[in-house]
Every structure is written in C-alpha cells, then in structure tokens.
C-alpha cells in the first residue's frame with residue numbers, strides 16, 4: 001500500500017506511522033496516471049516587490065506532486081517571463097488567473113497586498129469558486145480582518161482553509177497576540193467557528209482545527225522555520241494536496257507535518273516532502289535536467 005522507503009530503524013518506524021495517519025496522502029498512484037489526474041492548483045499573490053512569495057508556494061506544490069500549477073501576480077504585467085528553475089509553472093496576472101474555471105484548488109494571499117486590486121481579486125475568487133478548496137494566507141487574512149464583504153464571502157466557501165500566524169489570528173479575532181497565545185486552542189476553535197473553516201494556527205506546536213473534528217497538534221519541527229517564506233511554502237504544500245483531492249482536514253494536518261520536517265531551508269522543505277511521500281513527481285524541469 002505504501003511506497004518503499006530506503007530507511008531503517010526509528011526513521012522507518014516514524015515514516016510508516018505518518019503513512020498510517022494520513023492514508024489519502026500516502027495512497028499509491030495508479031500506473032496509468034497523467035498530469036490531469038493530480039489536479040491543477042492556482043497560487044494568487046505577488047504584488048510589486050513580493051513576487052517571490054507565490055513562486056515559493058508554487059514550487060513547493062510541484063514537488064508535492066500537483067499535476068499543474070499556476071502562479072498569478074497582483075501586478076499589471078508579469079514580473080518575469082518564466083520562473084528560473086521551474087519553467088513548468090504557468091504564469092498569469094492575478095486578475096486573469098482568477099477568472100479561470102479549470103482550477104481544482106486555490107491558494108490566495110502570498111504577497112498579495114491589501115490595496116483595492118487585491119481586495120477585488122480576493123472577492124472575485126471567493127464569489128466564483130465557492131465549491132473548490134480555497135486556502136487563505138497572509139494578506140488574504142489581513143483583508144478578511146478589515147473588509148466585511150470579503151468576510152461574508154469567505155463564510156460561503158464550502159472548503160475553506162485559513163493559515164494564520166498568531167498576529168494574523170489576533171487581527172481576525174479583534175484581540176491581541178498575547179491573548180491568542182495565552183489560549184491557542186480557544187483561538188483556533190473560535191476562528192474556525194466564525195468562518196466555518198479548517199484553521200491552521202501556526203507557531204510552536206501548530207494547531208489544526210475544524211468545526212466537526214478534534215484539534216490536531218503538531219509536535220514536530222524546529223525553529224529553523226522561523227524565517228520569511230516558510231508560510232508560503234506551507235500554503236503550496238497544503239494547496240498541492242487539496243488539488244490532488246486529499247480531504248481538507250487531512251491535507252492541512254499532513255501539510256504541516258511535511259513542512260515542519262523539511263527544516264529551515266525552503267528548497268529542502270520541498271525536496272524533503274517529495275521524498276517523504278515517495279510516489280510524488282519530479283517537476284518537469286528536473287526530469288529534463
């Protein structure tokens with residue numbers, strides 16, 4: 001049932017325990033699979049000066065086996081013609097990408113900005129794609145905390161994931177970081193109840209909660225992830241699993257485990273995750289190399 005790992009002893013035991021915990025994530029791929037089998041993910045963000053954020057998310061998604069990945073930039077024109085090292089990632093403006101109807105899952109907010117164009121893009125996605133999994137992070141969460149219309153639209157999404165760090169959680173709740181940290185369990189539950197969402201409250205011992213499930217506590221990881229960009233990578237990991245049809249709560253839990261075990265290097269996170277779930281693909285550019 002599970003891929004063959006070149007591990008022994010304690011490492012192999014931990015990996016097999018992880019596989020048993022997340023059966024959909026570690027499900028073997030059929031031999032006649034093709035790129036259409038494993039979904040299309042759209043990553044939307046990248047305002048001026050923040051173009052790297054959606055690149056980190058999109059590249060992590062490719063390593064985790066997503067069939068196709070789009071990166072959309074909240075700019076009038078594309079910041080580059082191709083992503084160096086990842087030519088297989090397709091590019092569009094955020095506005096153009098938000099109108100596509102062939103997307104299986106969305107990750108929105110990585111460097112998106114909070115201006116009028118960003119609010120409009122987020123509102124459009126929340127309006128037009130209510131039946132698809134939508135993960136909101138970073139600036140998308142900041143918009144939710146200040147814009148009543150987008151808050152209401154977010155509540156209408158059937159498969160919504162929010163991935164706040166403590167400061168973003170405090171803004172969503174209208175409270176302080178100290179209050180969030182004083183009772184993280186209460187905070188993650190309250191956010192989930194407000195939005196009807198699965199919530200990943202990042203930080204030491206990350207919590208994952210949904211309204212109809214127990215809270216999952218991630219005990220793994222290290223301080224190496226306390227660096228800019230690790231949240232974008234996490235969004236891409238979870239988004240990739242969502243696009244491949246992994247159930248929302250399992251994708252959120254497994255994605256956090258995968259990101260935590262990758263360590264502090266963004267490239268290593270993606271590569272480690274791809275190796276950890278041995279059936280995942282190699283991005284096309286790596287095959288060509």
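Each residue, glycine too, has its Cβ placed from N, Cα and C.
For residue 165 ((6S)-NADPHX binding site), applying a Cβ distance below 8 Å and a minimum sequence separation of six or more within one chain yields 201, 202, 203, 231. Summarising the annotation, TrEMBL assigns (6S)-NADPHX binding site to 53, 111, 165, 232.
Taken from TrEMBL, the feature AMP binding site covers 202, 203, 204, 205, 206, 231.
Positions annotated as domain 'YjeF C-terminal' by TrEMBL: 18-289.
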Legend entry - Closest of 53, 111, 232 to residue 205 (AMP binding site), Cα positions, binding-site residues only: 232
Inset, instruction - Please name the residue among the binding-site residues 202, 205 whose C-beta has the most neighbouring C-beta atoms within 10 angstroms. - result: 202
Inset, instruction - Provide the number of Cβ atoms within 10 Å of the Cβ of residue 203 (AMP binding site), excluding the reference atom itself. - result: 16
Legend entry - Largest separation between Cα atoms (Å) of residues that the record links to AMP, namely 202, 203, 204, 205, 206, 231: 15
Inset, instruction - For residue 53 ((6S)-NADPHX binding site) and residue 206 (AMP binding site), determine the Cα separation and express it in whole Å. - result: 21
